[in-house]
Amino acid sequence: MPFPVTTQGSQQTQPPQKHYGITSPISLAAPKETDCLLTQKLVETLKPFGVFEEEEELQRRILILGKLNNLVKEWIREISESKNLPQSVIENVGGKIFTFGSYRLGVHTKGADIDALCVAPRHVDRSDFFTSFYDKLKLQEEVKDLRAVEEAFVPVIKLCFDGIEIDILFARLALQTIPEDLDLRDDSLLKNLDIRCIRSLNGCRVTDEILHLVPNIDNFRLTLRAIKLWAKRHNIYSNILGFLGGVSWAMLVARTCQLYPNAIASTLVHKFFLVFSKWEWPNPVLLKQPEECNLNLPVWDPRVNPSDRYHLMPIITPAYPQQNSTYNVSVSTRMVMVEEFKQGLAITDEILLSKAEWSKLFEAPNFFQKYKHYIVLLASAPTEKQRLEWVGLVESKIRILVGSLEKNEFITLAHVNPQSFPAPKENDKEEFRTMWVIGLVFKKTENSENLSVDLTYDIQSFTDTVYRQAINSKMFEVDMKIAAMHVKRKQLHQLLPSHVLQKKKKHSTEGVKLTPLNDSSLDLSMDSDNSMSVPSPTSAMKTSPLNSSGSSQGRNSPAPAVTAASVTNIQATEVSLPQVNSSESSGGTSSESIPQTATQPAISSPPKPTVSRVVSSTRLVNPPPRPSGNAAAKIPNPIVGVKRTSSPHKEESPKKTKTEEDETSEDANCLALSGHDKTETKEQLDTETSTTQSETIQTATSLLASQKTSSTDLSDIPALPANPIPVIKNSIKLRLNR
């Protein structure tokens, strides 16, 4: 597949370019010969990672989309005939499949899925799409794994067409026929449309606008391929977990292209890191001035909407109705991303000075050596189908836990790894388990010799939220469970697949002995907002894709039985927390000013921590009803937000007195758990005492039975059930010494 590189000569012969973006360009400099050589080297570096699709595979996708397009036209003609439309209308009724996302942008990777939109005329209903078109697809021999998700926020039909995964949305326009040359960027098409159709159209409209707002599409595409690979390798590619998704990365790259309209990919990658390592968040990134269409649709506007003022890293979609694509970003995730931008700038500075190769930019840092303390979340379900649903819900709420943790007065950073992992099975029990790992950085304590940090309330409010959501959406099944535990770095080998930890074993100061889990390879280069893993060059050709959340259960792979108790019931040892990694370079070789749209300064980085002596225990509690605090977690206030103390007040928790008594006994010897704690930890193992399990089942069942109204709203603030849900409370306490 050819990779066009714009040469110096061709740039110089071009006529004057039109103005792109909301500000004038920073530089109009044409590329030099060294820039072209560096771009060619970048292409060669990207190839082994599987980010380019072969021409044969590309033609296969085009053929499949052509077949799908013909099916849509045929189906719409059949619907038109059944509704007795005039023959003249039927012959020209049209109908069309549009694409959006990475495929439409031209940056999809090998094996990536295709996002598609079926556009139909006004006499075709959404119900027709989910009945007669669904049935038509079912009859096609190339179609496998067909499923309809009609109640989703954006309703979709998912299928695998001749080996290619495709998601098809539906939009019904207020037109009698659908012309072949229809331009979906036309705002007048939105008039009198159903809100679900507007949402469905949004993906195509945003993608098309981005492509029309960049000076050179080929340079934009190559730069975006590089940045997406870098983001995936550095575990910051996930909209659902509070990092950035595909469309957000595309808009950042597009803004860079606008600021340097004549630059080619090698320069643009460097300028990307320069611009966004110095960007004064929360100033918004805009590709064009927002336009008002008088259609009364909600748009992002902090002057009008108070909640928009609390967005930490706004990147605004260019198509009406303008939205912030990064509303999930939290203080911690922004801190992690800005640090990565700074390190990317330092590396690309070296590359431009010929002191490093491009491969250095795509080296994956070892998340599991970065922090001394981690929270491990475990989600389990009795069947694979239930696990997929359960994991999807739990993953969508993890950012609430991160938001809650970062409000703890002793926590500087809560960094969730977007990649999920298969969890070891316990006692050969037939259940499917997935886990996520959150790295913690603690603040330096002042004027205190001994502080106890209690993370119990943060964990409990998170699990309460997930269980309530599952029950309200009628998804909850018995034996769907969440567990959380504190794990030190040197204990991770008991839980994680060995190949994950082996990457940088030589850098470990803990001398961890790795335990082989014989797990199947993790998801590679699947082009989805929630799919983080990307291959190393040596493994790109021999890995197998897994589900879209990037996780696998290794069903046929034996694994040692590792329980919560085997990790938490370990005597605490003296530890010191690593400081947050900071880039040595601020990218100082360039003095270019970055145009902003406001002057509000960025949030400064909190102080760096030292912590010692850890006590971790597990308790069984039926908590009283209390606010889950997830509204605050969703929209943290960067300016006036007050850090919550680590423990709830006494009136909030009837178990507080008991907890304090235990802590008093622990003071005598903080290297061991109290006898009572040991008993409880041993009894619970993986949060499965028979009494609590039966109570949970009974209460959950009664709650399910008492649900009279159907609730499919998966907002972050669920309706509280009448009774509290008795779930196992994971008490996680850390003792910090100066």
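Easy rule for this one: first residue shown is 1, then count along the chain.
Glycine is treated like the rest: Cβ placed from N, Cα and C.
In TrEMBL, annotation is done automatically, which means it is predicted and not curated.
Annotated compositional bias 'Low complexity' per TrEMBL: 1-17 (among others), in sequence order.
Per TrEMBL, region 'Disordered' is recorded for 1-23 (among others).
The annotation domain 'Poly(A) polymerase nucleotidyltransferase' is assigned in TrEMBL to 21-214.
The ATP binding site annotation in TrEMBL covers PHE100, GLY101, SER102, THR109, ASP113, ILE114, ASP115, ASP167, LYS228, TYR237, GLY246, VAL247. Using a 10 Å radius centred on the Cβ of ASP113 (ATP binding site) and all shown protein chains, the other Cβ atoms total 20.
Residues annotated as Mg(2+) 2 binding site in TrEMBL: ASP113, ASP115, ASP167. All protein chains included, ASP167 (Mg(2+) 2 binding site) registers 18 other Cβ atoms within 10 Å of its own Cβ.
Around ASP115 (ATP binding site), a 10 Å sphere centred on its CB holds 24 further CB atoms from the protein chains shown. Sequence annotations record features per position, and here TrEMBL assigns Mg(2+) 1 binding site to ASP113, ASP115.
Taken from TrEMBL, the feature domain 'Poly(A) polymerase central' covers 219-363.
Feature annotation from TrEMBL assigns domain 'Poly(A) polymerase RNA-binding' to 366-431. Confidence in the domain 'Poly(A) polymerase RNA-binding' (366-431), given as mean pLDDT, stands at 86.
What TrEMBL lists as region 'Disordered' is 499-564 (among others).
What TrEMBL lists as compositional bias 'Low complexity' is 517-533 (among others).
As annotated by TrEMBL, compositional bias 'Polar residues' applies to 534-556 (among others).
The region 'Disordered' annotation in TrEMBL covers 577-699 (among others).
Positions annotated as compositional bias 'Low complexity' by TrEMBL: 582-593 (among others).
What TrEMBL records for 594-603 (among others) is compositional bias 'Polar residues'.
Annotation comment: TrEMBL describes 610-619 (among others) as compositional bias 'Low complexity'.
Feature annotation from TrEMBL assigns compositional bias 'Basic and acidic residues' to 648-659 (among others).
A gap of 10 Å separates the Cα atoms of ASP167 (Mg(2+) 2 binding site) and PHE100 (ATP binding site). All protein chains shown were included, and the count of other CB atoms within 10 Å of the CB of GLY246 (ATP binding site) stands at 23.
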